[in-house]
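Colleague: Mind looking over this structure? Questions follow.
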């Protein structure tokens with residue numbers, strides 16, 4: 001009987017080995033695959049088991065976390081949701097993340113290996129790090145001024161510091177409260193449904209994700225190209241353009257909203273926003289040089305990140321002369337994000353150089369130790385410094401005595417350019433009102449702020465050379481806050 | 001057995017009823033050396049018990065530290081309680097089974113102690129449904145029964161007299177739940193007042209006792225009568241009849257009650273004991289044939305079982321169907337999340353398994369929180385327990401004792417395999433309690449009785465026989481020794 005007992009014991013041993021081998025299969029061999037299975041809630045649980053790091057504006061968090069007591073424990077809160085939604089985006093347990101919450105997710109969620117003080121030791125203890133913080137470049141008062149200015153109308157405002165590329169305000173309107181998407185459940189689903197189907201597209205970060213025909217504000221680009229290419233050498237000399245202007249190769253006549261544009265100088269054309277002059281100059285500069293100039297301002301760049309991804313602004317590269325003429329005044333297929341047009345203003349203000357725009361000043365651990373600092377880098381060289389100086393002058397004149405008088409700030413040097421972008425079939429849609437500008441305090445060596453404002457549903461008188469009416473006051477309010485901030489900062 | 005002359009086997013069978021000093025059954029390999037002074041090893045048992053209690057308390061403290069950053073205030077009380085129970089059990093063993101295997105009791109205490117820790121840990125996830133206090137009561141009862149068995153059953157051979165009483169009792173216990181409402185699709189519960197238990201658990205022991213007694217008495221007939229087909233020797237229907245009838249009856253009852261884990265366990269137990277008793281490979285063949293036929297029939301006809309088999313073949317089907325992970329998938333996720341080292345006690349999410357996380361799926365918590373290292377340690381503890389049972393079987397001199405030891409050890413081994421294999425996706429999942437670990441009062445109590453019986457037989461196996469010890473005479477070898 002002993003032999004059979006031994007065999008029975010051998011069978012038990014076999015069963016034990018089978019269990020161990022199978023355990024190795026599940027726990028080691030297939031583990032990575034199982035851990036990464038989307039149906040495995042552990043991924044979400046560990047992601048939300050700590051409060052996320054905060055996004056800071058002016059040193060104060062504009063985000064928060066709430067202990068939901070649920071399985072996914074910490075939910076994101078946004079005390080001033082709609083105001084900062086275009087900056088922060090949402091961090092939802094149901095729908096993922098967007099914008100800064102998305103771009104800096106690793107850091108905010110605590111997964112970033114940089115957060116571990118001793119990486120190897122962390123692997124051993126399996127300690128989890130609290131999420132790091134993101135310090136933004138946004139100035140709360142400018143953001144608020146822009147948000148107030150848009151007052152719920154569809155549109156966007158971008159303000160940047162011309163010499164550094166810091167994005168000081170990034171506003172999109174109408175906005176939404178990202179907090180309603182934070183958690184899980186039916187309420188969140190309903191909110192999502194509502195937000196994504198609303199005709200107002202509140203979740204669209206218009207400032208960086210929506211492109212608009214830039215209209216007359218694009219004339220700054222054309223003017224820079226004409227000056228750099230030597231097509232215009234004296235800004236006050238007549239440009240030899242007829243009014244009305246017949247688009248080359250067609251019988252279509254390009255009208256002017258302004259008067260006195262026949263044969264006007266570049267200075268007057270910028271001041272009064274003459275379509276004819278600028279269209280003619282664009283054709284004279286030529287397709288190749290115009291494409292190059294637009295590219296030097298950042299057009300046609302599909303990969304810009306601030307670090308949220310920025311939609312590509314478009315200037316067509318293959319056009320007939322009449323299309324080129326229309327494109328040179330910001331029509332046809334030309335399209336730009338508000339951020340792109342703020343960069344145009346910044347290029348002029350910063351003597352032709354565009355610093356890389358960025359939203360993040362630095363990132364820190366939860367304890368405040370700096371992890372990364374955004375270093376100032378050149379993004380594009382848009383024009384020569386002398387061209388920039390001349391354009392500054394033209395833009396200042398447009399504000400002091402042209403279409404942009406609504407943007408004038410007493411005691412400060414302000415340059416601006418209005419724009420009215422027509423769209424829709426046969427231009428029957430409500431025109432978009434544009435205004436781009438920069439401002440320099442009288443006692444400052446350099447402009448403190450460049451701004452671009454677009455108001456979609458401008459209730460503008462179509463004949464009025466708009467922008468100045470709807471958009472310029474918003475730009476002024478934002479720039480005033482910018483100048484005040486600069487004065488206080490010194 | 002095959003090499004042994006028939007009279008020996010017959011003698012062995014009768015010997016089982018004889019007195020302890022029977023010389024015929026001596027096994028020189030495992031018998032204590034002549035000359036007396038066999039170490040009792042009660043000191044070893046005591047220190048191992050201290051270790052088992054300390055490890056359990058450490059686990060309890062670790063859960064508290066991981067969850068709330070503080071040692072639970074009643075950790076000392078838990079340790080004292082567990083220590084006190086262990087001490088009582090130890091004293092009972094010291095008093096009435098001084099030569100018992102010193103590993104059995106500490107392993108049982110460690111498994112039960114850690115089982116309580118695991119259930120307490122899972123209770124933290126389900127504040128509305130606390131199972132640890134009840135489990136503690138059942139564990140206390142289990143230890144009480146352990147002590148009672150060790151004190152009252154002075155010689156395991158007494159049990160042989162109650163073979164038919166045992167089988168009647170086993171059948172009654174299995175049939176009883178049919179008259180009670182089904183719980184979760186299985187009619188295996190008796191619910192009286194707030195207490196519920198599974199009588200089928202106790203039936204395991206009774207059946208093992210019956211099988212051991214019956215096979216010990218009839219093994220010669222079973223092994224040598226009958227006809228030979230090809231190279232396999234098949235037994236005669238005369239001896240086989242009663243045992244197969246009883247087996248069929250128990251399996252039938254189980255299928256009716258839809259408790260397939262226990263059904264599988266009885267089947268395996270039956271085949272192993274039959275093989276050990278007769279050494280006929282024909283039994284294995286018949287067993288496997290019956291098993292596959294039964295498995296196929298039940299698997300295709302019974303929707304409950306069919307679903308389990310489908311789930312085993314493809315645990316992730318429900319995920320693809322958009323219904324989220326099923327229990328088995330969640331269990332596999334938990335094991336995978338543990339990896340080599342585990343997340344640490346109290347830090348896993350095995351509660352995602354949902355229903356039965358504290359009972360059938362308790363091993364998933366071990367896997368996730370203690371990792372492959374911890375899981376292997378648990379497997380080895382069980383293996384040690386089983387090995388000690390077999391070892392007692394080898395050292396015993398009577399056929400009934402041997403078969404009983406083998407049967408009891410096999411119950412533990414099969415239970416572990418059926419449920420551990422089920423929750424790790426090795427075999428189709430069938431409901432079964434992980435011995436000592438899982439929530440379930442009847443299971444804990446039953447396993448304590450099993451350990452008590454193993455303590456009793458191991459004591460018999462190691463007790464020096466006065467006659468040989470006194471004379472220093474080496475008994476003639478009459479039992480097969482290989």
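Glycine too: its Cβ is placed from the backbone N, Cα and C atoms.
When I checked TrEMBL for this same protein, it listed these features:
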type	residues	note
REGION	B:1-38	region 'Disordered'
COMPBIAS	B:11-29	compositional bias 'Basic and acidic residues'
TRANSMEM	B:46-63	transmembrane segment
TRANSMEM	B:75-91	transmembrane segment
TRANSMEM	B:103-122	transmembrane segment
TRANSMEM	B:134-153	transmembrane segment
TRANSMEM	B:162-182	transmembrane segment
TRANSMEM	B:202-222	transmembrane segment
TRANSMEM	B:234-254	transmembrane segment
TRANSMEM	B:260-276	transmembrane segment
TRANSMEM	B:283-301	transmembrane segment
TRANSMEM	B:370-387	transmembrane segment
TRANSMEM	B:399-427	transmembrane segment
TRANSMEM	B:433-455	transmembrane segment
REGION	B:462-482	region 'Disordered'
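Show me how these features fit into the structure around them.
Modeller: Within the same chain, residues 45, 48-49, 51-53, 55-57, 59-60, 63, 67, 78, 82, 85-86, 89-90, 93, 131-132, 135-136, 139, 142, 146, 345-346, 350-351, 357-358, 362, 365-366, 369, 378, 381-382, 384-385, 388, 434-439, 444, 447-448, 451, 454-455, 458 sit at least 6 positions outside the transmembrane segment (B:103-122) and bring their C-beta atoms closer than 8 Å to a C-beta of that stretch.
Same-chain neighbours of the transmembrane segment (B:162-182): 188-191, 198-200, 202-203, 206-207, 209-210, 213-214, 246, 249-250, 253-254, 256-258, counting only residues six or more beyond its ends whose CB sits under 8 Å from a CB of the stretch.
Within the chain carrying the transmembrane segment (B:399-427), a Cβ under 8 angstroms from the stretch's Cβ atoms is held by residues 12-13, 15-17, 25, 156-157, 159-160, 204-205, 208-209, 211-213, 215-216, 219, 261, 264-265, 268-269, 272-273, 276-277, 312, 315, 328, 331-332, 335, 360-361, 363-364, 367, 379, 382, 385-390, 392-393, 433-435, 438, 447, 450, 453-454, 457-458, 460-461, all 6 or more beyond its ends.
Within its own chain, the transmembrane segment (B:433-455) has Cβ neighbours under 8 Å at 93, 97, 100-101, 104-105, 108, 111-112, 114-115, 118-119, 131, 134-135, 137-139, 141-143, 145-150, 153, 156, 195, 197-202, 204-205, 358-360, 362-363, 366, 378, 382, 385, 388-389, 392, 404-405, 408-409, 411-412, 415-416, 419-420, counting only residues six or more beyond its boundaries.
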Colleague: Report the listed stretch (B:134-153, B:202-222, B:260-276, B:370-387) having the maximum count of Cβ pairs within less than 8 Å of the transmembrane segment (B:75-91).
Modeller: B:134-153
Colleague: Quickly jot the same-chain residues contacting the transmembrane segment (B:260-276) by Cβ under 8 Å, restricted to those at least six beyond its ends, or write none.
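Modeller: Sequence-distant neighbours of the transmembrane segment (B:260-276): 188, 200-201, 204, 207-208, 211-212, 215, 222, 243, 247, 250-251, 254, 283-284, 287, 290-291, 294, 298, 305, 308, 402-403, 406-407, 410-411, 414-415, 418-419, 422, 430-432.
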